[in-house]
Ligand code: TXA
Ligand code: MG
């Protein structure tokens, strides 16, 4: 187990090494986004296909200037939601120093200013954009604790431990390279709030392959099969409950007893990890979760988990 301090994590990044870092959404596997060989180490450690671009993280607005074009929509969203669980996909500026592999060769760059105080201090020290996808093997459940990172990437991985992630779901990804703003990935900030700030509806891209390659992949899959909208147990299942738990299941992991979607989001990955590691279960069942607000992102991740690998 390799626990590092903020200054050791900064040194590693500046030396071109990877390090797992906390953010308020999920843990990220970080590398200097301007260093192509460091970025290659992220893809290798995750087993991630190289057509799937990465999010770059910055500490402040000054760092954005050389990277992308911010139009009025981007400024409005950044002002409303940064630092926070929002990623904006924007046109790269000519001479943008971020390695082309971070964008998987696309003319756009995904950017986020995270809110986690440890992430912010680290980014300020590094002074460069830091690429960081979720710190899990490609296709597996995302990590919301340092232990989840070690379980997925192995004990040798250097981890900056910042406690359990408060939001617990990846950022919402908004594409701003076209005429209309597009919801490329539902996430930790509900689409309704983003539409209210923009004053217009988000479009759901029909050709997701072109716009957000990552969304095509099977993702978030635990070892056990996942069954949605459960009303009664089928075999020895563990239940992810929402609201009052159903009875008859081998074990119950409550996402939120009070039916609070933010609480359920924060507990989702921990619940999937916990049930997946529990001996003697033959599946994970999930109670219905309302398809509104953060429920959209929760259902998105659960649907992918249920599809399996
Ligand atoms: O909350 C998060 O966003 C976490 C933390 C660590 O910040 N990061 C994360 O990164 O979830 P990752 O790599 O697992 O997801 C990045 C998503 C993928 O769906 C990818 O396809 C999309 O963002 N993306 C990245 N760059 C893009 C681009 N240039 N155009 C379209 N989609 C892009
Ligand atoms: Mg991921």
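Including glycine, each Cβ sits where the backbone N, Cα and C put it.
Automatic prediction, not curation, is the source of TrEMBL annotations.
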Look at the ATP binding annotation in TrEMBL, where 48, 52, 185, 220 are given, and name the residue from 108, 134 listed for that site too.
-> 134
Can you pick which of 7, 37, 142 TrEMBL lists for the same L-threonine site as 25, 57, 112, 132, 171?
-> 142
With respect to ligand 2, which members of the binding-site residues 48, 52, 112, 185 satisfy a Cβ distance under 6 angstroms to one of its atoms?
-> none
Round to a whole number and give the Cα-to-Cα distance in Å for the pair residue 142 (L-threonine binding site) and residue 134 (ATP binding site).
-> 6
Can you tell which of the binding-site residues 48, 185, 220 lies nearest to residue 132 (L-threonine binding site) in space, using Cα positions?
-> 48
Using the centroid of the Cβ atoms of 25, 57, 112, 132, 142, 171 as reference, list every other same-chain residue with Cβ within 8 Å of it (recorded L-threonine site), in sequence order.
-> 23, 26, 28, 55, 85, 87, 114, 133, 134, 170
Record-annotated L-threonine contacts 25, 57, 112, 132, 142, 171; largest Cα to Cα distance in whole Å is 18
Of all C-alpha pairs drawn from the ATP-binding set 48, 52, 134, 185, 220, the farthest apart lie at a distance in Å of 18
